[in-house]
């Protein structure tokens with residue numbers, strides 16, 4: 001550790017801590033002792049539920065697989081030369097092999113039954129939105145984006161249609177993206193040149209819905225969009241005036257209700 005005397009106690013302390021961290025890292029970097037990473041990975045592969053199950057017990061050394069047990073084979077097999085003596089030794093132990101073969105039922109099928117309700121049977125509806133990647137006039141090259149998010153399981157089919165006809169050319173996808181919360185998302189984009197009056201539809205099929213989800217995007221010219229916005233603005237303004245008029249009317253009615261002609265009983 002190197003300590004330099006500088007004015008100001010806090011600066012000296014900060015510099016001292018920094019130098020201590022640096023010196024510890026340098027000391028660690030100077031340690032030339034070999035380090036190894038050993039990893040064991042157990043896998044269950046299911047086909048058509050539990051109709052066919054495959055169990056794998058895999059062993060890795062420094063991220064390289066060197067040995068595995070495969071229930072389809074029934075014994076250990078060396079993947080590299082490093083695993084050959086281990087495979088020969090373990091294959092000679094009949095009790096160990098019987099135990100590993102039994103993992104298909106007492107490990108894989110058992111855990112499938114425990115987790116089936118919240119894994120295999122889990123269903124979450126997708127959320128679908130459609131929008132252009134760029135805001136620009138019609139008859140210019142653009143990218144229409146169909147965003148499908150928050151769905152489970154990951155099996156999904158997304159299609160693009162233009163005026164009712166499926167578009168296959170110019171369709172690109174990000175593929176499945178894991179959200180980290182047991183849901184997925186994907187973006188499926190259509191390269192096209194939108195023209196006024198055209199209707200683009202993104203159709204999504206997913207196990208969580210009984211019928212396909214469809215979201216439309218209509219190509220409108222700037223003048224049509226301006227007219228639509230003007231119409232919406234006029235409608236909202238009319239509602240505001242109507243609300244203000246009704247408020248004034250009912251307030252006046254309430255004020256007059258307290259004045260009654262002489263002689264009437266209330």
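Each Cβ is built from the backbone N, Cα and C atoms, and glycine gets one as well.
As recorded in Swiss-Prot:
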SIGNAL    1-29  signal peptide
REGION    30-124  region 'Beta-1'
SITE      40  site 'Self-peptide antigen'
DISULFID  44-108  disulfide bond
SITE      90  site 'Self-peptide antigen'
SITE      100  site 'Self-peptide antigen'
SITE      110  site 'Self-peptide antigen'
SITE      111  site 'Self-peptide antigen'
DISULFID  146-202  disulfide bond
TRANSMEM  228-248  transmembrane segment
- Item | residue 40 (site 'Self-peptide antigen') as reference: those recorded positions from 90, 100, 108, 110, 111, 146 with C-alpha within 10 Å of it | none
- Lowest local Cβ density (other Cβ within 10 Å) among disulfide-bonded residues: 44, 202: 44
- Message: Using a 10 Å cut-off on Cβ-Cβ distances across all protein chains shown, tell me which of the disulfide-bonded residues (108, 146) has the largest neighbour count.
- Response: 146
- Query: Cα distance, residue 100 (site 'Self-peptide antigen') to residue 108 (disulfide bond), nearest Å?
  - Reply: 11
- Taking every protein chain shown into account, which of the recorded sites 40, 100, 110 has the largest tally of Cβ atoms within 10 Å of its Cβ? 100
- Query: Under a criterion of Cβ-Cβ distance under 8 Å and sequence separation of at least 6, what residues of the same chain contact residue 90 (site 'Self-peptide antigen')?
  - Reply: 76, 96, 97
- Query: Under a three-state reduction of DSSP output, how is residue 202 (disulfide bond) classified: helix, strand, or coil?
  - Reply: strand
- Could you put numbers on the helix, strand and coil content of the region 'Beta-1' (30-124), residue by residue per DSSP? 35 helix, 32 strand, 28 coil
